[in-house]
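Visitor: Look at Swiss-Prot and you will find Cys39, Cys42, Cys57, Cys60 tagged as Zn(2+) binding site. Residues or ranges marked as zinc finger by Swiss-Prot: 39-60.
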Amino acid sequence: MASKSGKTGSSGRFGARYGRVSRRRVAEIESEMNEDHACPNCGEDRVDRQGTGIWQCSYCDYKFTGGSYKPETPGGKTVRRSIRAALSEDEE
């Protein structure tokens, strides 16, 4: 008798279609998307995705734009860091 394999995750809905690498990428993206994200306004881990690039905190109802699958993109982090560095140089 066949033994039951492990859980397939969110990409298990595709079955054997689309290839292993594509299904794995979808599973990674969806797991990151559904993690707890901190609100940039209040700091609570209650941010939910409303649509493509639209995120909303369910605690303070702060709505903001971000990446399609993450509230903050790597490029956005870089820009924020460079703005902070420029502001700290002006203060000195």
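Cβ coordinates are placed from backbone N, Cα and C, and glycine is handled just like the others.
Tell me about the setting of these features in this model.
Guide: Its Cβ placed at the centre, Cys57 (Zn(2+) binding site) has 22 other Cβ atoms within 10 Å.
The zinc finger (39-60) scores a mean pLDDT of 95 in the predicted structure.
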Visitor: CB neighbours of Cys39 (Zn(2+) binding site) within 10 A?
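Guide: That number is 20.
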Visitor: Would you list the DSSP helix, strand and coil counts for the residues of the zinc finger (39-60)?
Guide: 0 helix, 9 strand, 13 coil
